[in-house]
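**Q** Sharing a structure below in structure tokens format, with a few things to ask.
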Amino acid sequence: MWEAGFVSRGTLIILSLMSMGSWYIIITKLIDQTKIFKQSKETSAKFWKASSIAAGSASLTDGSPFRFIAETGTKATAHHDGALLEQIDLSTWVTMSIQRAVDKVQSRLQDGLSFLATVGSTAPFIGLFGTVWGIYNALIAIGMSGNASIDKVAGPVGEALIMTAFGLFVAVPAVLGYNWLVRRNKSAMEDVRAFSADVHSVLISGAMSTATGSKKVG
């Protein structure tokens, strides 16, 4: 395969990099999602048993998206004062702040998924290009040698076809990983959105203390 020239070598290197990148993203995203599901259970067990949102936030793991959302909500209620901000009612301001936090969490979860989609859609064609180029070079070599017997044709053509198989080998895990991660992201975001809605309701109703511990939202 390496004798086919720099084009075939470049194609093989590109497909190899695509494969390594895909597996890296699949594994890291799976770890991130697993952490979020674990943190969701932690939130259910600790956060809602606290006396205030500030105390509940402190009980959660650093870096948890649920802690980030809760802290964003309490900061929004505590910093609502100001000539411009006072023109926005508190409920709308808290809603906007929490929604921005949710969007950031979703954006972080979706990082890398576009790469998987790109690999899944392009890798087979890159492999096919490598096959076409390999067959072309094989036929040129056979024509120059003047020997077109089946044993002389089968070897080079067979090696060229490996590129197509390798392209599929790279694309299939990327497509399956993309679909799997998207489904898991949807489930994780359902937990995040449900939590953000509950935090918003608590902040607006004033059922719990804000982060300052002195201001109630009514």
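Cβ atoms here come from the backbone N, Cα and C positions, even for glycine.
What TrEMBL shows for this protein is this:
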TRANSMEM  12-31  transmembrane segment
DOMAIN    92-191  domain 'MotA/TolQ/ExbB proton channel'
TRANSMEM  113-140  transmembrane segment
TRANSMEM  160-181  transmembrane segment
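Quick one: how deep are these features, and who are their neighbours?
**A** For the transmembrane segment (12-31), same-chain residues at least 6 beyond its ends with a Cβ under 8 Å from one of its own Cβ atoms are 1, 109, 112-113, 115-116, 119, 123, 126-127, 130, 163, 166-167, 169-170, 173-174, 177, 181, 184.
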**Q** In the same chain, who gets a Cβ under 8 Å from the transmembrane segment (113-140) while lying at least 6 residues past its ends?
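**A** Same-chain residues near the transmembrane segment (113-140) but 6 or more away: 1, 4-5, 7-8, 11-12, 14-15, 18, 21-22, 25-26, 29, 153, 156-157, 159-168, 170-172, 174-175, 177-178, 181-182, 185.
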**Q** Checking distant contacts: for the transmembrane segment (160-181), what same-chain residues at least six beyond its ends satisfy Cβ-Cβ under 8 A?
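**A** Same-chain residues near the transmembrane segment (160-181) but 6 or more away: 1, 4, 8, 11-12, 15, 18-19, 22-23, 25-26, 29-30, 33, 113, 116-117, 119-135, 137-138.
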